[in-house]
Ligand code: GLN
Ligand code: ZN
């Protein structure tokens, strides 16, 4: 059975109208029972298969499929028995979400995407494969008339992404690779006996600089696949497609050439080829002509219509090395929304430049069949986009060109600014919060009504002002020193700015799975970015008018705005970063003019955007630090610039955080009990607020506990540089625990001060 001519690496599981999310949440809340949940998930899968066939994935095994309700890594770990026990649906969800008795599995980013997977914990126990799950979806699809290709995370990647269970003797999960391969072999044998002829094992670990290093991972792959592929195709196993999304293979390419699976998928997206220009040639020359090459030519990570002429040239080059090349997407389409057809509010010219999951499938089919209409559509999209006034704004280009190149630095330096900022008159161990206050159901309802047009602009503004007034009064009553307006006007810290900046569009249905049932709707940077008018000044100035204490202005930084958006593919990310930074710099000036003396620039995604490949990191850090600094480059010395970062493993990028050159840095620390502060070195001069209240749970920390954390922090940070604050924004909390926790925080601060 030869491999289909056109396929995809994967498809969003969440449903065009978030059907899976709704079913999951209904089941978790008890609104529907297990049978209803399973039936809903089944209907969604079968409807998706029908849709994919309609889009042109008509050949047998062209459609990849997994059974995951929550996450593909967890699902594979359960299928091959990496996680011990006969885990039923409720136990599976307990692993995902935790229960009163046990905490959930850790969750972390899936390669350099905004999807998060659950980290399996590998014990010493034997792996007991449970192929029933995956056999069942193949059967279910066959009953619906479709021969799907089961999708599993491959053994090397699965173990590389896992961690050893706390109580295991084992230290490196990859030490159990042979056992894992035997478990995969058992699953594959069951699939073969169920009549499945192709299976997909995805091995993105082979493109990334994960812990063991590229050469070691390639050796693991050589060993794993030599063993797995030793069984003959037929009753013992199906044909195997090994896929390698998220970048180019290095040593892994030779390893895969040696073990020669029946098919190999490679990522040939424009960005991958830009980073590794010789990759297509190397792939064609290295993989045996007997191996079916599945060329991931359609970019699955961005939302732009492909340039099919240019893609066809890459395909033609590969076709000279073998009889047939299949066309696919570079990565799973799970990272893009379902369809542009569900976006009635996009300007029509912009809509035709875009391709979401369904449109990308049409492109792959069109490329594979050399369909003239598809090529004509593509050429039109490429041409109109490059000529559009929406993409190129001469005024923005001029402003960016006038900037100094390379490193920029605010003057005077930190010490000089500290003198100027004495004028703020802050007390010792100043207290503040990270920005947002609880988003009440009333505020959400008002925003929805305003959006729907049933609440007038005046009434909406009045509702927000009332909320700000009460948030300011509350902070004064609690005794905080640096107040915030509470961010009630923000639906989301990135989308809010994207809606107000030129050069962005936002979607109404462009949902992408972030993890489990959580979806986000990333805005799209379509062109040069500028700020038509102030974005936050009205709210901050109103809050400042209510109090004599300083109110902190609140901006999302350029790196985070880009990290949580779809980006342009016609300019480097650094160009958009400079443009957004300039727009935010205008906002800083307007905030200063409105009497705001403290401004926070949030960069929770600084580490998230760090490239997979070590060799790409220095350039990233250069442009991201530059963009952050540009925002406050011309700020007055007496304006205190804060930044906030949301992660506790500080070590890896501590130098970059120091290089941001903020006056005050707040960071998550409560859960690690201030351990991160040992990473601080002499280069780290900024004042620092290691969050002492972990806001990620509804628990109210006691005064004693908070006192202990402040004392622990004081062992690493001198009192003149220490701030007292929670470890993140409060928008997901309720007022009850917020008020109590903040009061305890202030009481703990008083206790420490009176003891000293
Ligand atoms: N200022 C934002 C807030 O308080 C920061 C959010 C974040 O750290 N992710 O909500
Ligand atoms: Zn945070």
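Here, residue 1 is simply the first one shown, and the rest follow in order.
Backbone N, Cα and C define each Cβ position, glycine as well.
Around the Cβ of residue 696 (active site, proton donor), the same chain contributes 671, 727, 728, each under 8 angstroms and 6 or more positions distant in sequence. DSSP assigns residue 696 (active site, proton donor) to coil, not to a helix or a strand. As annotated by TrEMBL, active site, proton donor applies to 696.
The 5-methyltetrahydropteroyltri-L-glutamate binding site feature in TrEMBL is assigned to 21, 114, 518, 519, 564. Taking all protein chains in view, 18 other C-beta atoms sit within 10 angstroms of the C-beta of residue 21 (5-methyltetrahydropteroyltri-L-glutamate binding site). Secondary structure from DSSP puts residue 21 (5-methyltetrahydropteroyltri-L-glutamate binding site) in a helix.
When secondary structure is read from DSSP and collapsed to three states, residue 436 (L-homocysteine binding site) falls in the strand class. The annotation L-homocysteine binding site is assigned in TrEMBL to 434, 435, 436, 602.
Contacts of residue 602 (L-homocysteine binding site) defined by a Cβ separation under 8 A and a same-chain sequence distance of 6+ are given as 435, 493, 554, 555, 556, 557, 560, 643, 644, in order along the sequence. Annotation source TrEMBL lists L-methionine binding site at 434, 435, 436, 487, 602.
According to TrEMBL, the feature Zn(2+) binding site maps to 644, 646, 668, 728.
TrEMBL lists 7-320 with the feature domain 'Cobalamin-independent methionine synthase MetE N-terminal'.
The annotation domain 'Cobalamin-independent methionine synthase MetE C-terminal/archaeal' is assigned in TrEMBL to 429-748.
Rounded to a whole number, the C-alpha distance linking residue 668 (Zn(2+) binding site) with residue 114 (5-methyltetrahydropteroyltri-L-glutamate binding site) is 20 angstrom. Considering only the binding-site residues 21, 434, 436, 564, residue 646 (Zn(2+) binding site) has 434 as its nearest partner by CA-CA distance.
Largest Cα to Cα distance within the recorded 5-methyltetrahydropteroyltri-L-glutamate binders 21, 114, 518, 519, 564: about 20 Å as a whole number. The two recorded residues, residue 519 (5-methyltetrahydropteroyltri-L-glutamate binding site) and residue 436 (L-homocysteine binding site), have Cα atoms 20 Å apart. For residue 114 (5-methyltetrahydropteroyltri-L-glutamate binding site), the same-chain residues that are 6 or more apart in sequence and have a Cβ closer than 8 Å to its Cβ are 335, 512, 514, 520, 522, 563, 564, 608. Between the two most distant C-alpha atoms of the annotated L-homocysteine binders (434, 435, 436, 602) there are 12 Å. Not one of the binding-site residues 114, 487, 518, 519, 564, 602 places a Cβ under 6 Å from an atom of ligand 2.
Filtering 436, 564, 646, 668, 728 by Cβ distance to ligand 1 (under 6 A) retains the following binding-site residues: 436, 646, 728. Note on the domain 'Cobalamin-independent methionine synthase MetE N-terminal' (7-320): mean pLDDT across this stretch is 95.
Listed in sequence order, 21 are the same-chain residues at least 6 apart in sequence whose CB falls under 8 Å from the CB of residue 518 (5-methyltetrahydropteroyltri-L-glutamate binding site).
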